[in-house]
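Novice: Below is a structure I'd like to ask you about.
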Amino acid sequence: MPCRILTLQSEAQWPLLGDMLAGRYDPDDAVEPVVRDILAAVRSKGDEALAEYTRRFDCPDFTPALLHVTSEEVAQAVASVPADDIAIIRQAADNIRSFHEAQKERSWFVTHDDGTILGQKVTPVDRAGLYVPGGKGGDTPLLSSLLMNAIPAQVAGVTSITVASPPRPDGTLNPHLLAAAHILGITDIIRAGSAWAVAAFAFGTQTIAPVDVIAGPGNIFVTTAKRMVQGRVAIDMIAGPSEILILADATARPDWVAADMLSQAEHDPLASSILVTTEPALAEAVTAELERQLATLPRADIARKALADWGAVVVVPDMDVAVAIANRVAPEHLEVLTAQPWELAGSLRHAGALFLGPYSPEPLGDYFAGPNHVLPTMGTARFSSALSVQTFCKRTSIIAASRAFAERNADAVARLARLEGLEAHARSAASRNSQQ
């Protein structure tokens, strides 16, 4: 049996599943001291520290001179990528851009009768640093993550975007990654990975300018580094391992449910794939399908461990309990494979993204549909949202008071200030009252 099967009669039995998942949230305390040393080294030594770490972990012959990718390298990479792949990347980028254009916020102003103008000014940050994992040996870079991070920044109006990705052992970056950057018009690309890339973004080096926002996925070293520099710079989120929860009734196809569960389980041994269903027969059929599909899956070892440790098939008496369990989990990806998925959508309050209906598999959203795939994990969808255009914007309040407004409210403001013991505040407000 690839994963445990649980039967929950009510939401009150949630701990049977919640306790199982709790272990995924435990931090690795051994990582933080290592990352702290990396941050300090890059802050002190800059490019040389980046080169030292890259020599140690990625490319044995790396030097500071290789940090920045040249335009000639990008041109060669683009020429080497099949035209069909270029077309697919362009289409995905167009879909993502179209969706995020709808997210754009605009500055707004309200004028009062006395002439006072109040408003909110929306401004993009100046610089963004985007991290793109290189994948296995640098040969499976997360192209989709580059698109999902860069396009919202561009739509927001960020004019300076730097991309960092670890090089392959020969010092090159994957041509498809460089082609994707070229399609997006990004020219500032550095060869650096892990926590030292995050450090370069946060502190800057001799040749890399510090940024205002750091975004992009990564392993525990990247995530820990982002957490430790947060406050000096903004970050997109603290993301954990991938996860999916599927709500399914008798109309769901077992082979599709199993395929969707495995789409997340193959990511990482810590990934979580959960089916919640009202149908015991579906639970049994999906379990059998998981075994059948695992037999031919290239990353079966990873998927098996993820399912064994963090996967579950949960049988519940009705969809009310199923929805309650889903809201408790607050998963990164929530698929609804039921006869009437839209009827449940309003009750599903906590999820990074909702995938409604049998033709909305999670990978469609991950790669191509348009909504962002950088999503809250580990239950944080209870209070946080997907990466968006807003990740790269800030909002500034505007107060342009008229003389009449200032004079009319001077005494009230002064009184509030004195209640807080702030006499200088009170005098500042009162000084605008010409009646005194």
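For all residues, glycine too, the Cβ spot is worked out from N, Cα and C.
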Novice: Given that Swiss-Prot assigns SER242, GLN264, HIS267, HIS333, GLU420, HIS425 to the substrate site, pick the one from ASP170, ASP188, ASP366 that the record assigns to that site as well.
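Specialist: Swiss-Prot lists SER242, GLN264, HIS267, HIS333, GLU420, HIS425 binding substrate, and from ASP170, ASP188, ASP366 it also lists ASP366.
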Novice: Would you list, in sequence order, the binding-site residues among SER242, HIS267, GLU420 whose CA lies within 10 Å of the CA of HIS333 (active site, proton acceptor)?
Specialist: SER242
Novice: Tally every other Cβ atom lying within 10 Å of the Cβ atom of ASP366 (substrate binding site).
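Specialist: I count 20 other Cβ atoms within 10 Å of it.
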